[in-house]
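Structure first, then comments.
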């Protein structure tokens, strides 16, 4: 338990961290990865080069300082971080390394303002946060290992099937190389996949949603969008261009707190943008397999027909089941695109225009996609009277999955 004096000192640094947080985190990563180059394989080097990782850490450190009097406000964030850490293989011993370089960076960046008293306060605050994360991660590791077919760390999986879903998205069907079982998981969860990236000379992990419902015997499926450019697309490009059927990938156990609550029977509205449809398809397949008659809406946005993944599968489910309705938006409609078959609406997703279809009593809303898409849909749902606790979201990007 932190003393009132420690909490006051840490909280007093929140404005400074908001102003200088990115300088601090840039210095921190340079210092830590320079002294511990083996850790480069834990971190997304694309996000390191773009600055996204530094921005995310700066925001997290400032938020922790701001809410140090009541860190329970940040429990959802802590839960999300813990799941990602377990998928990456972060261990308790890594926290000592991070703490050493974080405290040294605070002293070096803040200069004379970083008194011994302030550094001691931040050491205590960091210790509290580290203990919280280590404890939660220990429980997640134990749960992953105890499931039938479960494991911890990296496990070799063979690509048994590689299927294009659109011009940008390809599905990889993965089976354990040891011939063993795969564990059950929750719709919406993800795995980390680790590949060697020759351009970096490093193993690099990325998180990919499991795009099929739980229960596929002996296999897991991920559906990967080819990201443009470098460094953003280094891993997805490797998967698309260099990984073929028969090749072996390192895969983590399923993790993630963005999951479907299917037990209460409430209506479900699934809203996705681009490759954000991958966890939604897992949720949709799970719900339709349950066949409990609840109302289900599948709303999807994509740029055009060429990048519309899994169209035939979604159309078939909607045609077969009267409780499932779809609303697909194309930003650009081609001359050969058929309304009601290929797409349903032209332009960007407009929930106000389809409010009679998607605003259902007591419904749960699941959102996944790029940040601007997510922000727009959250605002629209709030405008339409949907309670905040009914909205569940996963952002694809830093801190999220892809």
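Here the Cβ of each residue, glycine as well, is placed from N, Cα and C on the backbone.
As recorded in Swiss-Prot:
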DOMAIN    1-138  domain 'Globin'
SITE      29  site 'Involved in heme-bound ligand stabilization and O-O bond activation'
SITE      84  site 'Influences the redox potential of the prosthetic heme and FAD groups'
ACT_SITE  95  active site, charge relay system
ACT_SITE  137  active site, charge relay system
REGION    149-402  region 'Reductase'
BINDING   190, 206, 207, 208, 209, 395, 396, 397, 398  FAD binding site
SITE      394  site 'Influences the redox potential of the prosthetic heme and FAD groups'
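Looking only at the recorded positions 29, 84, 137, the one with its C-alpha closest to residue 394 (site 'Influences the redox potential of the prosthetic heme and FAD groups') is 84. Among the recorded positions listed (84, 95, 190, 207, 209), 84 has its Cα nearest to the Cα of residue 137 (active site, charge relay system).
In the shown protein chains, 28 other C-beta atoms lie within 10 A of the C-beta of residue 190 (FAD binding site). Nearest by CA distance to residue 190 (FAD binding site), out of the recorded positions 29, 84, 95, is 84. Within 10 Å of residue 84 (site 'Influences the redox potential of the prosthetic heme and FAD groups'), judged by CA to CA distance, lie the following recorded positions from the set 29, 95, 207, 209: 207.
Under the three-state DSSP scheme, residue 95 (active site, charge relay system) falls in the helix class. When the alpha carbons of residue 29 (site 'Involved in heme-bound ligand stabilization and O-O bond activation') and residue 209 (FAD binding site) are compared, the span between them is 27 angstrom.
If you measure from the Cα atom of residue 95 (active site, charge relay system) to that of residue 209 (FAD binding site), you get 27 Å. In the three-state DSSP scheme, residue 137 (active site, charge relay system) is classed as helix. Using a 10 Å radius centred on the Cβ of residue 207 (FAD binding site) and all shown protein chains, the other Cβ atoms total 23.
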